[in-house]
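Have a look at the structure below before the remarks.
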Amino acid sequence: MGFTEKQEALVNASYEAFKQNLPGNSVLFYSFILEKAPAAKGMFSFLKDFDEVPQNNPSLQAHAEKVFGLVRDSAAQLRATGVVVLADASLGSVHVQKGVLDPHFVVVKEALLKTLKEAGGATWSDEVSNAWEVAYDELSAAIKKAMS
């Protein structure tokens, strides 16, 4: 069974909940990443010169919005065509340049899900989590393919 209309709607609704507090949720997202992988700090230009995740940082917020938006867009692609095609062909080379490895994708996935759970509150469910996981896994597979 392919990605359903309901799954896409769940992703879209929780993405909107995430965006309602973009500054706070962005800090939360990168805090979760650094909690699991402190060495990843150097991969992000907006983090490498700070001891802690900076508050109200436009670059940090823009990158978080881009990451979550790419996963949301992947859900839409999965619903429409059943496959994820990268709109930005440079994503693979950027990830290679930054030294991203397979374990980093796992850390980001966990941080993304934890952030969405916090943002979604009572609306979070296994069904919402599963929809995001499928979309994220397909996006990360497309990025990894572009990295090789």
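One-based numbering along the chain as shown.
Here the Cβ of each residue, glycine as well, is placed from N, Cα and C on the backbone.
Per Swiss-Prot, the features are:
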- SER45, LYS66, HIS95, LYS98: heme b binding site (BINDING)
- HIS63: O2 binding site (BINDING)
- 2-148: domain 'Globin' (DOMAIN)
- TYR30: nitrated tyrosine (MOD_RES)
- SER45: phosphoserine (MOD_RES)
- TYR136: nitrated tyrosine (MOD_RES)
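Shown here: features listed in Swiss-Prot, placed on the structure.
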residue : record              : Cβ within 10 Å
TYR30   : nitrated tyrosine   : 24
SER45   : heme b binding site : 11
HIS63   : O2 binding site     : 18
LYS66   : heme b binding site : 11
HIS95   : heme b binding site : 19
LYS98   : heme b binding site : 13
TYR136  : nitrated tyrosine   : 23
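Ranked by Cα separation from TYR30 (nitrated tyrosine), the binding-site residues SER45, HIS63, LYS66, HIS95, LYS98 are led by HIS63.
Taking the C-alpha positions, the distance from LYS98 (heme b binding site) to TYR136 (nitrated tyrosine) comes to 19 Å.
Annotated heme b site SER45, LYS66, HIS95, LYS98; additional same-chain residues within 8 Å of its Cβ mean position, judged by their own Cβ, are MET43, PHE44, HIS63, VAL94, VAL100. LYS66 (heme b binding site) and TYR136 (nitrated tyrosine) are 13 Å apart (CA-CA, integer value). Across the fold, the C-alpha of HIS95 (heme b binding site) and the C-alpha of HIS63 (O2 binding site) stand 14 Å from each other. Separating the Cα atoms of HIS63 (O2 binding site) and SER45 (heme b binding site) is a whole-number distance of 10 Å. Spread of the heme b binding residues is 17 Å (greatest Cα-Cα distance among SER45, LYS66, HIS95, LYS98). SER45 (heme b binding site) carries neither a helix nor a strand DSSP state and counts as coil.
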